[in-house]
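A.B. asks: Before I ask anything, here is the structure I am working with.
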Amino acid sequence: MIGVTTILKKTLHEDNSKAETGAFWYGAGCSTIIVFFAYLGVVCKSRIPEAHTILEVIRIRYGNVAHLSFTFLAVINNLLNTINMILGASATISFLTGIHIMASTFLLPLGVVLYTLVGGIKATFLTDYIHTFIILILCCWLTIKVLVSEHVGSIGGLYDLVVAAEERHYIDGNYGGSLLTMTSQQGIFFAIILLASNFGAVVMDTGYFLKAFAASPSAVVPGYVVGGIAYFSVPWCLGTIVGMASLGLEALPIFPTYPRLMTSAEVTNGLALPYVAVAVAGKGGAVAVLLMTFMAVTSTLSAQIMAVSSILTFDIYRVYFNKHAGNKEVIRWGHFGVVIFGVVAAAFTAMFHYIGIDMGWTLYMLGVVTCPGVIPLIFTIIWRKQREKLAIDSEDTDEPPRSTQDDKSASSTTVEAVNDDTHRRWARYALYWAVATFLGHWVLWPLPMYAAKYIFSREFFTAWTVVSLIWLFWTVLAVGFYPIWDGRQQILLVLRNLWKLVHA
């Protein structure tokens, strides 16, 4: 579920410009990519079981030029992802607590750097689970709180508020200018851009591969498939209820910006969520959003820091500076990488804030920067015949494919297929679910609604919202209890050993 926390700071800032279609397309674009990564993850694990990062495989197959090119793309991807999160989180924390935005910009990475130094990737796994579970519980509480609040009252009341808000928010390109339609020209453009951008953000994020290498195929596939499908509910439900409520409530005295409407800068920086929480739940809502923001950003930031630290250690220091580095030196440079990336990310975020770059720019720029490496990286994993030249430029070449058993192979990493039935079976499952999720979330469900030119009725909007709520509550169960059930044998083993140790 490492993608769930990432979305929290990106759900609402794009939705208000496209209304209902924005929330849906964000969930569809991200869930599809997360599920697809289950296939890439299990193929990586079966073919390259001893690798530390996916960039090691690039170096073995194509040499140092390609390795340095992909290393640059991977680091930029992690840096922009981190800046995106800190930009939104610092703005939210500054609004809720009153502290200077620069203080929140530097304090957020500080705490993450400290516990990542101590816990490493184990800390990342634990915070992913615990933080995501708590975030989802708070999401359920906040959505219900909005619907039962005095000024909303029900799903029908939310519908009435949105209809009234259409007079203030006529959207060019939407059918009838309505907020309540899936027929949106801006929305479909956003969906395509988001799909490409998230494809680059996920595939070029070495943190995903880091966790795939650290787990067995039987854990990688269910984890990413369940996580991706469950994840869809977060932007869909939260964007539908809280995003729509922000448009309906901003004209009421309870809204923090009243009597003015939200500015585009406030919407882009993700402030719609805390505004609605404060409007419907007061200080309790502020505390809930503050906790959600802190847990979402720290969990995801920990994964980003570990990914870059691994790159600095295994793909830069151990390759170009000290090929015979021992465990102590590797650990030391891993710690250096954690600290260096935390400082650099905070510094760039501060610079972006002062020159006026917001979350919207970083989101779109992420796709522009990382997409050139996506297809070559995928073919590196799944296609044995990809040529070295094609991995780093678009010109065809007659050069034969480089053997993975060339003299460039490292003693710590081998590239050879593990052709056992178990790996093939999990790969088939993963590919099936990736195709099914894409067809369901991106084609068969939304595209007919786009072509229908339909504005939601009260009854349809009620059913739409109820289904999103059911999906969100199922997500809580899947994320909160499935990992415990799946790892019950290991948990019982640890508890038995602790019992024996205490009573020895």
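Here the Cβ of each residue, glycine as well, is placed from N, Cα and C on the backbone.
Residues or ranges marked as compositional bias 'Basic and acidic residues' in TrEMBL: 399-409. What TrEMBL lists as region 'Disordered' is 392-416. Per TrEMBL, the feature transmembrane segment maps to 23-44, 65-87, 93-117, 129-148, 187-205, 270-295, 301-321, 333-355, 361-383, 429-448, 460-485.
Tell me about the setting of these features in this model.
C.D. replies: Beyond the transmembrane segment (23-44), the same-chain residues lying 6 or more positions past its ends with a Cβ under 8 Å from any Cβ of the stretch are 3, 7, 10-11, 14-15, 51, 54, 57, 182, 187-188, 190-191, 194-195, 198-199, 201-203, 208-209, 211-213, 217, 220-221, 223-225, 227-229, 231-236, 238-240, 243, 378, 381-382, 423, 426-427, 430-431, 433-434, 437-438, 441-442, 445-446.
Under 8 Å from some Cβ of the transmembrane segment (93-117) lie the Cβ atoms of residues 86, 123-124, 127, 271, 274, 278, 286, 289-290, 293-294, 297-298, 301-302, 305-306, 309, 335, 338-339, 342-343, 345-346, 349-350, 353, all in the same chain and six or more residues away from its ends.
Sequence-distant contacts of the transmembrane segment (129-148), counting only residues of its own chain at least 6 positions beyond either end whose CB sits under 8 Å from a CB of the stretch, comprise 1, 4-5, 8, 154-155, 157-158, 234, 237-238, 241-242, 245, 276-277, 280-281, 285, 288-289, 291-292, 295-296, 298-299, 469, 472-473, 475-476, 479-480, 483.
Remote same-chain partners of the transmembrane segment (270-295), defined as residues 6 or more beyond its termini with a Cβ less than 8 Å from a stretch Cβ, comprise 5, 8-13, 15-16, 88-89, 91-93, 95-97, 108, 127, 131-132, 134-135, 138-139, 141-142, 145-146, 149, 151-152, 238, 242-243, 245-246, 249-250, 252, 254-257, 262, 359.
Listed as Cβ neighbours of the transmembrane segment (361-383) (distance under 8 Å, sequence separation of 6 or more from its ends, same chain) are residues 10, 14, 40, 43-44, 47, 54, 57-58, 61-62, 69-70, 73-74, 76-77, 80-81, 83-84, 87, 193, 196-201, 203-204, 352, 390-392.
Same-chain residues lying 6 or more positions outside the transmembrane segment (429-448) and placing a CB less than 8 Å from one of its CB atoms are 24-25, 27-29, 31-32, 35-36, 38-39, 41-42, 182, 191, 195, 221, 224-225, 228-229, 232.
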A.B. asks: Looking at the transmembrane segment (333-355) and the transmembrane segment (187-205), are there 3+ C-beta pairs under 8 A, with each pair at least 6 apart in sequence?
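C.D. replies: The transmembrane segment (187-205) and the transmembrane segment (333-355): touching, no.
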A.B. asks: For the transmembrane segment (65-87), which stretch among 187-205, 301-321, 460-485 has the most Cβ pairs under 8 A?
C.D. replies: 301-321
A.B. asks: At a C-beta cut-off of under 8 Å, are there same-chain residues at least 6 beyond the transmembrane segment (187-205) that contact it? List them, or none.
C.D. replies: 3, 14, 18, 21-22, 25-26, 28-30, 32-34, 37, 40, 73-74, 77-78, 81, 173-174, 304, 307, 363-364, 366-367, 369-371, 373-374, 377-378, 442, 446, 450
